[in-house]
Amino acid sequence: MAATATTEAPVFDKKTWMGGVEPMKVSYGKLMMWFFLISDTFTFSALLVTYGLIRFSFQAYDPAIHGEFHFSNLYWPIPEKVYEAVPFLHGIELPLVFVGIMTFILIFSSVTMVLAVEAGHRMDKAAVEKYMLWTILGGLTFLGSQAWEWAHFIHGTDEGTVIREIVNGQWVERTIFGANLTENQYGPPAFADLFFFITGFHGTHVLSGVVLNILIFYRTAFGLYQRRGHYEMVEKVGLYWHFVDLVWVFVFTFFYLV
Amino acid sequence: MADHSSHHHNTEPGVIAEPQTKAIWKTFIILSVLTAFEFLIAFTLHAGFLKTSIFVLMTIVKAFYIVGEFMHLKHEVKSLIWAIILPCIFVVWLLLALLMEGGFIFVAR
């Protein structure tokens, strides 16, 4: 490159991209990851906005009208009454404890991910491998927890909920257990539908994140990034993994807390 | 050769620098404390406008730390920060509009 010193130095207009420099001072891959994440934000927002719209269009639970809280398809349930089970502690009411543990697992796996990115900056191959493994473990634990949560939600409580419905012009009482896309013991069927769609869509993201993390771990272990001279792939997949954690923060608030 | 200006190679080949993880653990502690605080609020306050506002505020603060520190957006150039934040502001608009719409549907049926 030194041989071309006789040519004039290119004049860069700051307002237009002339090539050679990185727009917004990030590499192509990272910029595209940001744009993908923005589009993914819209998808998750659409799901959460739909949740808000449908929830507001239903009767809210009101102690003055409905008396003491019980599951009913007449009003939207209180989330902490729905999510109160913890594995191995059958029959004990522990509202939001399990989902809280899941939240901490995901936040912690986000921390180990950012530690892997930091180790990559220092070209510390062993540390990148170690932290990627912890991140993969966190992701798998979260997925396992969510599988249990789904199984419990579908299976239902021991007592079930008695609903009244009109069959062939007659009022019939029937006990339903758990929830699926058409029936829901915890509240209106739409509540279960949104639970499956929102946590399922997020869980699919966690699953693809874990697959990507395993790929990154594999390529780190075989020294690909060490030979390439930088660990930018860890950063890019890290952006995705943090996004998955970020979405969970919103799902946790708007689905489980509010 | 592409110039990887976004990577700070502060090491000679073969020498691994000391980890700089203070900011990471600080962010983790903030996120954990906020989540614990959310739990406290969940069981001490009655459902209502105040409770919901605290939850929304806590969520935005947590999102700020995850996006700003973990995703490093705080340290990127301004044009990238705005390219991410501006579309999200329109999402908030959509959310508020459709929440009101949901209220109208409830009244109508």
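Glycine too: its Cβ is placed from the backbone N, Cα and C atoms.
No curator has checked TrEMBL annotations; they are predicted automatically.
Here TrEMBL flags A:1-258 as domain 'Heme-copper oxidase subunit III family profile'.
The transmembrane segment annotation in TrEMBL covers A:34-54 (among others). With a cut-off of 8 Å between Cβ atoms, the residues of this chain six or more beyond the transmembrane segment (A:34-54) that come close are 26, 190, 194, 197-198, 201-202, 205, 239-240, 243, 247, 250-251, 254-255.
Under the heading transmembrane segment, TrEMBL lists A:96-119 (among others). Cβ atoms under 8 Å from those of the transmembrane segment (A:96-119) belong to residues 79-80, 83-87, 127-128, 130-132, 134-135, 137-139, 141-142, 145-146, 148-149, 206, 213, 231, 234-235, 238, 241-242, 244-245, 248-249, 252, 256-257 of the same chain, restricted to positions at least 6 beyond its ends.
Here TrEMBL flags A:131-148 (among others) as transmembrane segment.
Per TrEMBL, transmembrane segment is recorded for A:194-218 (among others).
Taking Cβ pairs closer than 8 Å, the transmembrane segment (A:239-257) reaches residues 30, 33-34, 37, 40-41, 44, 48, 51-52, 79-80, 83, 96, 99, 102-103, 106-107, 109-110, 113-114, 135, 139, 194-195, 198-199, 202, 205-206, 209, 212-213 in its own chain, all 6 or more past its ends. Taken from TrEMBL, the feature transmembrane segment applies to A:239-257 (among others).
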| note | Averaged over the domain 'Heme-copper oxidase subunit III family profile' (A:1-258), the pLDDT of the predicted model comes to 89
